[in-house]
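The structure under discussion appears below in the form of structure tokens.
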Amino acid sequence: MARDLSHRPRTFRLNSALAPQGPDNSVGRFFNTASPEALFVLSATAQYIGAVIAVDLFDQVNPATVAWLRVIGASIALLIFSSRRLLHRDHRQKWTRQDFIAMTIFGVATALMNTFFYLAIDRLPMGKGVAIEFIGPILVAAVRTRSRRNALSLGCAAVGVAVLSGVELSDEPLGLLFIFLASAMWATYIVVGSRVAQQNRGVSGLGLGLVIGALVITPIGAPMSGPVWHAPHLIFACMFVGVLSNAIGYGIDQSILRRIPIRRFSVLLALLPVTATVVAFIALDQRPNALDLFGMSLVLAGVVIQERETLSNQ
């Protein structure tokens, strides 16, 4: 997900080279004022359009290789967008040891999340896979929920996601193992990603973290990458998935994490299984049944019920 905002505290600033600074910056105003719910739908749409392209690529490229090239493509795009912040003296900021540790954990967790997710949806329907993966964010939200209203919101979202998952444990054990691993990485992505977002360096932390993540998953993705080196269009397609799903999608996530607390962010992530189900229906003809629609309704109810707290009013 990716753009730059004016210098207001706890707002999204992707890179000043991407959009001019000042009051007339309509892109900046949009990311400062748009509701987190709207930004989540935008982020999820980009992520799962990318996932649809990836699923189509699985017939020609191993899913682990698609994930590896996706992370490489995203890191290149994000580093280009954030080059001014990284290289120009006026925009440099001191990186602490804790910043580098957070950035590294974030990048590795994100790369592993992408890899496990692709290995899972090669075996499971995409909408249901995303719903099961949501266990990680649900647990993060549960730990941070205090009020009864937010507990009710979390309960609706959790039950809705459980209904959407609808996969028997005996259906596809390896696919379920991969999606549970992706779920654990997603929880790590949320908690550590909030720390990276608060460093207020645009998406430079995300870009550098993904470089490290790409190196970590190289032993998983590279060995089976043979076919892509004889078909440059496949390399481009895999990297384009990274631009959609990581650079745009996760860039928007970073902007949202600067504005709202982790608890609210985790519940809003319930919009992702809903969006994935809709995108899978449109693009992959994976049709939701009446029970799926009921689950989607519960998720949306949970999103509507929860309190609209922001970091500035904590």
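Numbering starts at 1 and runs along the chain as displayed.
For all residues, glycine too, the Cβ spot is worked out from N, Cα and C.
Bear in mind that TrEMBL entries carry predicted annotations, made automatically and left uncurated.
Residues annotated as transmembrane segment in TrEMBL: 38-55, 67-87, 99-120, 126-143, 150-167, 173-192, 204-222, 234-253, 265-284. Annotation comment: TrEMBL describes 39-142, 174-305 as domain 'EamA'.
Counting C-beta pairs under 8 angstroms (sequence separation of 6 or more), the transmembrane segment (38-55) reaches the transmembrane segment (265-284) with 3 or more such pairs. Against the transmembrane segment (173-192), stretch 99-120 has more CB pairs under 8 A than any other of 99-120, 126-143, 204-222, 234-253. Under DSSP, the residues of the domain 'EamA' (39-142) split into helix, strand and coil as follows: 87 helix, 0 strand, 17 coil.
The largest share of C-beta pairs under 8 angstroms with the transmembrane segment (234-253) comes from 99-120, of the ranges 99-120, 126-143, 265-284. Note: the domain 'EamA' (174-305) comprises 111 helix, 0 strand, 21 coil (DSSP; helix = H, G, I, strand = E, B).
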